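Notes follow the structure.
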Amino acid sequence: MSLDAILNQINNIIWGAPLLILISGVGLYFTLSLKGIQLSQLGRAFVYMFKPEKGKGQSGDISAFAALSTALAATIGTGNIVGVATAIHSGGPGALFWMWLIALFGMATKYAEGLLAIKYRTKDKAGFVAGGPMYYIELGMGKKWRWLAKAFAFFGVLVALLGVGTFPQVNGITASLESTFDVPIIFSAIILTLVVAVIILGGVKRISKIATIIVPFMAIGYVVASLCVILIHAEKVPAAITTIIHAAFNPQAALGGAFGFTVMQAIQYGVARGIFSNESGLGSAPIAAAAAQTKEPVRQGLISMTGTFLDTIIVCTMTGLVIVISGAWTTDVKGAVLTTTAFTQGLDSSFGAVIVTLALVFFAFTTILGWCYYGERCFVYLTKGKTQFLKFYRLLFIGLIATAPFLKLDTIWTIADILNGLMAFPNLIALLALRKVILAETKNFFSRLKKEK
């Protein structure tokens, strides 16, 4: 049996019914128990994103907006371009519907993660704010659950080094630059490695500074380009949405160069790629949220949930609609090439390939930076705050970036999915275990808001 076959079997086991039920179940539970907070408080969340918190008592290393930008830098990546394309290629157009649904529930999950990140954060031996699932597991659930916190941190390091943080992002950058601009892979790999090395050696503040500059512009630029395609073919939008919804609940026969798709494939790939893209339930975003300068857990929770909205409901939807509207999904191409084909056909110009390539380069680049930070915080937790070992982690991270362009695409994505699933389990268990804390903090916050009016 080949390595790919073994990895696919492991992936199918991890992303089987138990994890799918756990992810959707946690999101559904918080959606119902918090009375649809992701919809009722979305406007307030966007206000908090840009409005500085009043009063004293805020601790943290960076602003709330910078923390969100760092999280978005890690979140908006190849998953928004390549991930959506592979989901549709492997699960059909219906996969996009399941990405929407898991994102809607995931916003409530992301809210809970952001709240707990502030509630249970602490400081490491170097004086930096430390938080995230490993800390709210240990401090919130008790020291007897430290093994679960260590499991999360261990898988977090692996995801950063071998999963979302490196291989898919670097491979996406180098492959796109080669196909669009004929840049040799070895050349782009060397340049990328050197640039990333300079930035990550500067720490979280340098990463957040880069993120706050790049993230807003890259996201807006990509959405505008996508809207151009959608508006040019506006008459096809209703049919595209109908196709997406119908395919989510009905098996699809083979069409053109595409394979036939089952409903289970649509669900599996839609949910898996959705989690890969927006990271709700994965436990990564609260690591960045913990560094925010705020004293209100609920406030940061609300800001955190906007990340999933922007990532999936906005950016991923743009990619998915362009792919379906253009008809590119019926061809036998996949990955970044599928998205490139869709934009090229949609704009009827080779400029479409340039747009996708530039977006992919910026998206993937900032994801690498964000995930380096996530893995670093997990590594610090495992080494009990001994920052002298950080140099080893950073050098290893940089070294793996240099090797990523030469690995097989399918293998890279399968490994990323496996590690994502393993990282999500401890975090989802913690969210359920600490549900009473989340509900109590939320009730207390909004009660105080009413009294202040």
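Just so it is clear, glycine is given a Cβ too, placed from its N, Cα and C backbone atoms.
Keep in mind that what you see is a predicted model, and the values were worked out from it rather than measured.
According to TrEMBL, the protein has these features:
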TRANSMEM  12-32  transmembrane segment
TRANSMEM  64-89  transmembrane segment
TRANSMEM  95-118  transmembrane segment
TRANSMEM  147-165  transmembrane segment
TRANSMEM  185-204  transmembrane segment
TRANSMEM  211-233  transmembrane segment
TRANSMEM  309-330  transmembrane segment
TRANSMEM  350-374  transmembrane segment
TRANSMEM  395-416  transmembrane segment
TRANSMEM  422-440  transmembrane segment
Is it the case that the transmembrane segment (395-416) and the transmembrane segment (185-204) have 3 or more CB pairs under 8 Å, with pairs at least 6 apart in sequence? yes
Here the stretch out of 12-32, 64-89, 350-374, 422-440 with the most C-beta pairs under 8 Å to the transmembrane segment (309-330) is 64-89
Under 8 angstroms for C-beta pairs, at least 3 of them, ignoring pairs fewer than 6 apart in sequence. Is the transmembrane segment (95-118) in contact with the transmembrane segment (64-89) by that rule? yes
Comparing 64-89, 185-204, 211-233, 422-440 for Cβ pairs under 8 Å with the transmembrane segment (350-374), the winner is 64-89
Report, as numbers and ranges, which residues of the same chain sit near the transmembrane segment (64-89): CB under 8 Å and 6 or more residues beyond its ends. 48-50, 53, 95-96, 99, 164-165, 168-169, 172, 204, 207-212, 214-216, 218-219, 222, 258, 269-270, 272-274, 276-279, 284-285, 288-289, 291-294, 299-300, 303-304, 306-308, 310-311, 315-316, 319-320, 323-324, 329, 333-336, 338-339, 342, 356, 359-360, 363-364, 366-367, 369-371, 373-374, 413
